[in-house]
Amino acid sequence: MITEGAQAPRLLLPPLLLLLTLPATGSDPVLCFTRYEESSGKCKGLLGGGVSVKDCCLNTASAYQERSGGLCQPCRSPRWSLWSTWAPCSVTCSEGSQLRYRRCVGWNGQCSEKVALGTLEWQLQACEDQQCCPEMGGWSGWGPWEPCSVTCSKGTRTRRRACNHPAPKCGGHCPGQAQESEACDTQQSCPTHGAWAAWGPWTPCSGSCHSGTHEPKETRSRKCSAPEPSQKPPGKPCPGLAYEQRRCTGLPPCPVAGSWGPWGPVSPCPVTCGLGQTMEQRTCDHPVPQHGGPFCAGDATRTHICNTAVPCPVDGEWDSWGEWSTCVRRNMKSISCQEIPGQQSRWRTCKGRKFDGHRCAGQQQDIRHCYSIQHCPLKGSWSEWSTWGLCIPPCGPNPTRARQRLCTPLLPKYPPTVSMVEGQGEKNVTFWGRPLPRCEELQGQKLVVEEKRPCLHVPACKDPEEEKL
């Protein structure tokens, strides 16, 4: 179906499906969660473990895992997850390829015919992080040695070279160092004056809390070794003292460790259907920690799974709209290829409502006005090149990508609105049908011109869940 003002569709081959991973459907115990996060594909709100998939999925908003850190499966009817982000390009320069995937997730069914739960669908596209690859440069010859770094005793001298024979390109560099140094001797002795090394750490106080009998003290020391003064020629000694002492101030009273009181009563189950959590609490007050004593070890609360054994209501969900019916006008055999407006309709089904859940909101039937151009010969014009499509097959040998130019029909200049029933105002009219466009021959073709290219540096398709094991 072509509507007025719409762009010509791109021709894409279907992506390849592979790697089946079937979720738990039996009675083996699983980890049960309150919800499934669509954006990340992760389970959220742990209820607990040791329950069957059937009990966990009494509430279709819940989700489960067969093991900690494993694949999260929602309890709702199966559907495709969101596409993952594109993986990094397979090469860092020039043209490469990159992959992304989505998975069939849910419980007790299939995403579509022959597409089981856990199935991965892959997409592959070309990518280019950097147009050119780095080219290494070459060094010039070494320059002359610079003067010695000191005027007495021994020092170092340096010489340099430039990375310009040739210069690197596209982010490249020259291997090795741009300068080198060597020792040099002035044959002149220098006096070395003494300097203190850093203070050592304070020794522990003689007491850690108030005792009422003495004032604890702490001491630290340092050495005249950074450097030591020279003997010939003589250097100056370090000024000041090598030791210092101070009183320990602000010491606290001796600490008292805290201890837990008894567990309180178990709270009621907070839900009326599916699984919930009950809670017990205790207080760190037997005794309360004092004067910096440690708090009670362990948790102040603990939870237990409670099972109502009652299924939760499941709201109905609209299925996809069906195809538009043929554009017709009452009491007329055919209105195709004529400036005569008609009507067409499409339907949808409310599916999945259970246990007194809400019915689907909105209308089951959609009606619109239309002009029929089914099988009408129309003058056409060639479209611009479409964007490059995905690489097909994404996980098979020798994937290719394609783009097309299409013979697009020029729609008749019929009125865009009509008044079908007096008093109901103007209604928009849509062109419907598959016309027969006619374009001048292009590259030996009359309807579609296609160009194909191979996809380069293709990475392997690997299940991200298997890489975690």
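Cβ from N, Cα, C; glycine included.
The shown structure was predicted, so the numbers you read here are calculated from the model rather than taken from an experiment.
Mapped onto three states, the DSSP output places Trp83 (C-linked glycosylation site) in coil. The feature C-linked glycosylation site is assigned by Swiss-Prot to Trp83 (among others).
Among the features that Swiss-Prot reports, C-linked glycosylation site is placed at Trp139 (among others), with the record citing similarity to another entry. Annotation note: Trp139 (C-linked glycosylation site) sits in a coil segment as assigned by DSSP.
Counting only residues at least six positions away in the same chain, the Cβ atoms of Arg157, Thr158, Arg159 sit under 8 Å from the Cβ of Trp145 (C-linked glycosylation site). Per Swiss-Prot, C-linked glycosylation site is recorded for Trp145 (among others), and the stated evidence type is similarity to another entry.
Per Swiss-Prot, the feature O-linked glycosylation site maps to Thr151 (among others). Long-range Cβ neighbours of Thr151 (O-linked glycosylation site) (same chain, at least 6 residues apart, Cβ-Cβ under 8 Å): Thr186, Gln188.
The annotation C-linked glycosylation site is assigned in Swiss-Prot to Trp196 (among others). For Trp196 (C-linked glycosylation site), the same-chain residues lying six or more positions away in sequence with a CB closer than 8 A to its CB are Arg222, Lys223, Cys224, Ala226, Cys238, Gly240. The DSSP secondary structure for Trp196 (C-linked glycosylation site) is coil.
Among the features that Swiss-Prot reports, C-linked glycosylation site is placed at Trp199 (among others), with the record citing similarity to another entry.
Among the features that Swiss-Prot reports, domain 'TSP type-1 4' is placed at 257-313.
For Trp263 (C-linked glycosylation site), the Cβ neighbour count at a 10 Å cut-off comes to 12, with all displayed protein chains included. The C-linked glycosylation site annotation in Swiss-Prot covers Trp263 (among others) and rests on similarity to another entry.
Note: Thr272 (O-linked glycosylation site) has non-local neighbours Thr308, Val310, i.e. same-chain residues 6+ apart with C-beta under 8 A of its own C-beta. Following the DSSP three-state reduction, the secondary structure of Thr272 (O-linked glycosylation site) is coil. The O-linked glycosylation site annotation in Swiss-Prot covers Thr272 (among others).
As annotated by Swiss-Prot, domain 'TSP type-1 5' applies to 315-377, with the evidence given as sequence analysis. Looking at the domain 'TSP type-1 5' (315-377) alone, the prediction's average pLDDT is 93.
The C-linked glycosylation site annotation in Swiss-Prot covers Trp321 (among others) and rests on similarity to another entry. Spatially close to Trp321 (C-linked glycosylation site) yet at least six residues away along the chain are Arg346, Trp347, Arg348, Asp366, judged by Cβ distances under 8 angstroms.
According to Swiss-Prot, the domain 'TSP type-1 6' annotation covers 379-462.
Marked as C-linked glycosylation site by Swiss-Prot: Trp382 (among others). In three-state terms derived from DSSP, Trp382 (C-linked glycosylation site) belongs to an extended strand segment.
Swiss-Prot lists Trp385 (among others) with the feature C-linked glycosylation site, giving similarity to another entry as the kind of evidence. A sphere of 10 angstroms centred on the C-beta of Trp385 (C-linked glycosylation site) encloses 11 other C-beta atoms.
Around the Cβ of Trp388 (C-linked glycosylation site), the number of neighbouring Cβ atoms within 10 Å comes to 16. Under the three-state DSSP scheme, Trp388 (C-linked glycosylation site) falls in the coil class. What Swiss-Prot records for Trp388 (among others) is C-linked glycosylation site, and it gives similarity to another entry as the kind of evidence.
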Entries of Trp139, Trp199, Trp263, Trp382, Trp385, Trp388 which, being glycosylation sites, have CA atoms within 10 angstroms of Trp83 (C-linked glycosylation site): none
Which three-state DSSP class does Trp263 (C-linked glycosylation site) fall into? coil
With every protein chain in view, how many other Cβ atoms are within 10 Å of the Cβ of Trp139 (C-linked glycosylation site)? 15
Cα of Trp139 (C-linked glycosylation site) to Cα of Trp388 (C-linked glycosylation site), in Å and rounded, measures 43
Other than its own, how many Cβ atoms are within 10 Å of the Cβ belonging to Trp83 (C-linked glycosylation site)? 11
